[in-house]
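Per Swiss-Prot, the features are:
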BINDING   His83, His182  heme b b562 binding site
BINDING   His97, His196  heme b b566 binding site
BINDING   His201  ubiquinone binding site
TRANSMEM  33-53  transmembrane segment
TRANSMEM  77-98  transmembrane segment
TRANSMEM  113-133  transmembrane segment
TRANSMEM  178-198  transmembrane segment
TRANSMEM  226-246  transmembrane segment
TRANSMEM  288-308  transmembrane segment
TRANSMEM  320-340  transmembrane segment
TRANSMEM  347-367  transmembrane segment
Amino acid sequence: MTNIRKTHPLLKIINSSFVDLPAPSSLSSWWNFGSLLGVCLAVQILTGLFLAMHYTSDTATAFNSVTHICRDVNYGWLLRYLHANGASMFFICLYLHVGRGLYYGSYTYSETWNVGILLLFAVMATAFMGYVLPWGQMYFWGATVITNLLSAIPYIGTDLVQWIWGGFSVDKATLTRFFAFHFLLPFIVAALVMVHLLFLHETGSNNPTGIPSDPDMIPFHPYYTIKDILGFLIMLTALSALVLSSPDLLGDPDNYIPANPLNTPPHIKPEWYFLFAYAILRSIPNKLGGVLALVMSILILAIVPILHMSKQRSMMFRPLSQCLFWLLVAVLFTLTWIGGQPVEHPYIIIGQTASVLYFLIILVLMPATSIMENYLLKW
């Protein structure tokens, strides 16, 4: 008798995606982050759903409703901190996932890569809107500064900002619509994840060597299911340790002060996972130029497949490109650090240097190094 998982209309889709899926035998732990992101999304949707049951999206009560969740709701503090730190874990996995794609040349699957970039933008938008909801001091001013950047768009900028705000400043209308979109977007993200997986399963997975692995495939279950479960355990242990021992480690103390439009914090900054882009934005003195650089810092990923000049797909056997890749990682860490510092000497010049290096490495140095490596290998 044929197994039901291979004949049932629904089960055979799950079977071909997670059980009998042929996978390269050489996948390292860097391929775990896709499934970890799935777990992060599930955790965020579940904790967010329960938080939404007690949260009120009104400027007068939003801050107090979050306090009520933490103090009066059963395990409300756990839900709140799992959701807040789960977002940080989400972005850690997301950046490692993108980094792995850059290192091993996964971007040559252009459809999967482009849907991934859309996902990155959608998750960033979701995180930004969720960031505003507790209505703390830094949340409020962060929302004001970031949304105000849209006023740099010529001709329609000011109208666009007021349209998003629902008035002449970040107020009740803004909070209500941000809550509505923050609730909706994760489900759009989940749908995009399905499209991402659909395109991935059309081509099959890349592998660390970057060479076709068709002759050497193994079934996804049990080999990679066990490997993924180990990844889940490690990530959930790290998340639990963060939530139960230092839940405010990655947050800002100003957010324990209710939002006050009459009192500006000395240094406005977003959450740590946006600091690299924020540093690039601040490093350009012109407002429109800064906004364009901010968008390009993420959108530049879309032209990485076009800039791939190497005859080899992966960086595994390209030591010069490896050096540049790790220099890029160092530049990103530097930008993240600078984004959290005040706008003064020497941070301004360090930020500008790191921003120039970021674009220079991706647009010029990496393609040039790839061409040189081809020449050295006489290809």
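Including glycine, each Cβ sits where the backbone N, Cα and C put it.
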Other parts of the chain folded back onto the transmembrane segment (347-367), taken as Cβ under 8 Å at six or more residues beyond its ends:
279-280, 282-284, 293, 296-297, 300, 304, 307-309, 321, 324-325, 327-328, 331-332, 334-335, 338-339, 341
With Cβ distances under 8 Å as the criterion, find the stretch in 113-133, 226-246, 320-340 that has the most pairs with the transmembrane segment (288-308).
113-133
For His182 (heme b b562 binding site), what is the tally of other C-beta atoms lying within 10 angstroms of its C-beta?
21
Near His196 (heme b b566 binding site), which residues of its chain come within a Cβ-Cβ distance under 8 Å, counting only those 6 or more away in sequence?
Thr112, Val115, Gly116, Leu119
Looking only at C-alpha atoms, tell me how far His201 (ubiquinone binding site) is from His83 (heme b b562 binding site), rounded to the nearest Å.
30
Rounded Cα distance, in Å, between His182 (heme b b562 binding site) and His97 (heme b b566 binding site) is 23
Counting every protein chain present, what is the number of Cβ atoms, excluding its own, within 10 Å of the Cβ of His97 (heme b b566 binding site)?
20
Other CB atoms, at most 10 A from the CB of His83 (heme b b562 binding site):
21
